[in-house]
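Taken from TrEMBL as is:
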- 12-33: transmembrane segment (TRANSMEM)
- 39-62: transmembrane segment (TRANSMEM)
- 69-91: transmembrane segment (TRANSMEM)
- 134-154: transmembrane segment (TRANSMEM)
- 161-181: transmembrane segment (TRANSMEM)
- 220-243: transmembrane segment (TRANSMEM)
Amino acid sequence: MLCYEGRLSLYCFVSAIFSLALLWVFFDLGIFADPEWAGFWARVVLLAVYYLGLNVVIWLKFATKDYQVAVRATFLGAVFALGVVIFQAGADEYRSFGVYGTLMAVFHYSEYLGIAFCNPKTLSPDSFILNHSIHYALAAGASWLEFFVEVYFFPEMKIHYILWILGLVLCLGGEILRKLAMITASKNFSHIVQFERTQGHELVTDGVYGLMRHPSYVGWFWWSIGTQVVLANPVCFVIYTVASWKFFHDRIFMEEITLLNFFGEEYYKYKQRVPTGLPFIRGYKVEL
């Protein structure tokens, strides 16, 4: 059974998508179908105004805790809808940014929904991981900057459909793997590295964890690289690959120290038997 916060987030996410989509359709059927009113960016501005109105309604309707969930889920639903609009109605060189927007929205919303399903006791507004870190925000901003600079100077770079497909495959594959890891680990999954073993914390070695020790990190790694393939960002593709590899290298090293402390020989044997799943990352080396 999905917890209350999970149901609330799902309602807000889906409602934002469908209400914004219906508004866009109304533009085609109503007075906004007049070419003078129907400019693409004029419609986007009107959608933005509508979204701001939704935020006012959410602020008036929900208490502080529920508001924090509702406003984030609504934002991600709006990003998803805007991504679809850009892909469907934008100029060719901008369409990949629409694909990127939908991928970002699905990833961050599904992070929250996944925790709501598998480990609701740890659920919080931070489970959307929208405020993951300043480095994450800077990386996203850098990818947007590169995309729009290259669209301005080299628009032909952004219309290679094969890159969209390849990037989409990487993102969806990474997304599915990460969510399978969350579901398999269930109540043992957390967004935060645990330094103290909680009651009932078990070592999960079946399912996707039987193939790789860190499937959630593997999924996130390939998803992050896939976003830059979708955007056809050559500079950020290299930066994301190096930065993501370094981040997960350090994260796995730290996490495996705690897992060895929690599970001792059981984790040591598991570590000897199953690889991390990430290229050239072996994790914490145990010296006998």
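Note: Cβ is positioned from N, Cα and C throughout, glycine not excepted.
A Cβ distance under 8 Å defines the sequence-distant neighbours of the transmembrane segment (39-62), meaning residues of its chain 6+ beyond its ends; these are 12, 16, 19-20, 23-24, 27, 32, 70-71, 74, 78, 81-82, 85, 89-90. Contact between the transmembrane segment (161-181) and the transmembrane segment (134-154) is not supported: fewer than 3 Cβ pairs lie under 8 Å, counting only residues 6 or more apart in sequence.
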